[in-house]
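Engineer: So that we are looking at the same thing, I have put the structure below in structure tokens.
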Amino acid sequence: MAASEEHSALFPIFVLTIIALPLVPYTIVNLYLTFRKKTKTINCRCSACFHSGKYRKSIFKRISNFSTYSNLTVVLLWVVVALLALYIKHINTEVQVFEPFSILGLEPGVSDSEIKKAYRRLSILYHPDKNPDPEAHKYFVDFISKAYQALTDPVSRENFEKYGHPDGRQGLQMGIALPQFLLNIDGASGGILLLGIVGVCIILPLTIAVIYLSRSSKYTGNYVMHHTMYAYYHFMKPSLAPSKVMEVFIRAAEYMEIPVRRTDEESLQKLFVLVRSELNLDLRNIRQEQAKFWKQHPALVKSELLMQAHLTRETTALSPSLQRDLKKMLALAPRLLEELMKMAIIPRTQQGHGWLRPATGVIELSQSIIQAVPLSARKATGGSNEGYGPFLQLPHFSESIVKKIARKKVRSFQELREMKPQERAELLTQVAGFTANESQDVEMVLEMMPSISIDITCETEDPSSNDVWMSQKVNFMDEATAIIAASKAIEELKEGSGASAKEINASVKEAIDRVKAGSRLVMGKFQAPSEGNYNLVSYCLCDSWIGCDARSNIRLKVLKRSRAGTRNIATADEVPSLEDGAEEEDEEGEDEYDDDYESEYSEDDEDVKGKDAKAAVANGSACWQSFRFR
């Protein structure tokens, strides 16, 4: 019984150990990652954003951000650990080793007479006849009497002196740290123990597995629903206009699951009037178009109206419930746009090429969503092919302000960026009517925007039978990481071409110098096409800022395959001018291409094959680009 009580007392220690083993390292890792993060100010610091308060978090907002399921679980587990530690400290008593000599206050090796004297002396103090205290009685029976018997019996005394215990050599005793009621496995406790074992070892894992599999079967690796991928793949067309990408984007299953409430009907009707000009409705049959729009699935109607409200910055007209729904839509938008981009550039043609028009349309939609700029603001106007949309990224700008500065021959966003700060400040204060602080806000945002130039170099490699194209997503790397990546890539490329060690070192040194100067190296491969002249276009598209994209043309001449089994590719300096029927011709777009508004990348290129070369690469010719950021 005593042993079972001892094992039962160890149960809290056992539970504490099981909880602490995963909890302590998990907490340490999370704290390390939290303190390791560099505090970077990525929010806009202009006065308009500052006074809006959208970046200032109240105490309730910070508590709600902290109150995630994982954080609350960790805090709850630490509370349980603290309570267990206090409980263990409360019930823990020092283990008293049975030592007869110490109990009687004697030294080992004393005579029997001295043992009897010590026993009589302690009996006067603790014997029940002399001391009525129950604790004294217990101490006399459990310790003093046993100690006297162990020392007066020759066998017990010899065992104690040799093995430390009156009963001789002791074996290893093992038990299980379970509560006392589970150790009595007869009757009801046996059923409780059985149910506990079945529940913890069988039912609980099965329940977790079923829930996990049922949820994971609905999503891809990027936490996008499979139904969303099917819809994007089905509705993606090669002639899809950039203005029509929105109609495909809102068909995400995640958006279709957002409930449409009866209370939302009135707010959506008012919102429809505000954003009607952005819905690509035929004004000649406006009544029929409106009726057709409202006959769509209610979730599609709600999703498009909410997204257009965000683009046109009409969110103040939304009810609190619609604002929460819009916030959820915007939180899902980045990964949905990423998957939509994959559906646009996935190989679909016989040559394994993706589609350029819908791909650039996805990028433009991403830019508009991030900057809250209407798609209609990107229509070509006057002398600008990009419309006045890029200007709306800047604080205090509106369409009327753009018209004012256009009178001073500043018709494009690039012209405004290329002006000197002093000249730009004079233009904004004298022509646009900005104050000095508002002009400073514009300068602050312009400094945040990237400026990119592209340098492309192409080299040939032995082609393989693989004809798979791929797209590259470029992320800006810090200088140290970029130097390592560029050095390794250049070294592998030169070694594969049979360059000497001296040439390799020179190329690596040149690459490092260019990285330190602000460039970043991006490499890819594409299958060398058949013999002929090709005019390719490389696009570097920013998914966040409007007007920061860069493009570069490169002319290639693919020669006949040599006897060695390789091809030669000449770049721009080596390609002769096109002659004998190879003159540049403008090609008309496909008839089915809906040209609601012309994308700034929608102009016809000199060669259709060149348009397919956007950022898609495969094996055959190595093409590496150097991006310079300012």
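Placement of Cβ uses the backbone N, Cα and C atoms for every residue, glycine included.
Marked as transmembrane segment by TrEMBL: 12-33, 66-88, 192-213. If you look up TrEMBL, you'll see 99-164 marked as domain 'J'. Here TrEMBL flags 570-612 as region 'Disordered'. What TrEMBL records for 576-607 is compositional bias 'Acidic residues'.
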Engineer: Against which stretches of its own chain does the transmembrane segment (12-33) lie, if we need a Cβ under 8 Å and a gap of at least six residues from its ends?
Structural biologist: 74, 77-78, 80-81, 84-85, 87-88, 91, 177
Engineer: Summarise the domain 'J' (99-164) by DSSP state, stating how many residues are helix, strand and coil.
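Structural biologist: The breakdown for the domain 'J' (99-164) reads 49 helix, 0 strand, 17 coil.
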Engineer: What mean pLDDT score does the domain 'J' (99-164) have in the model?
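Structural biologist: Per the prediction, mean pLDDT sits at 81 for the domain 'J' (99-164).
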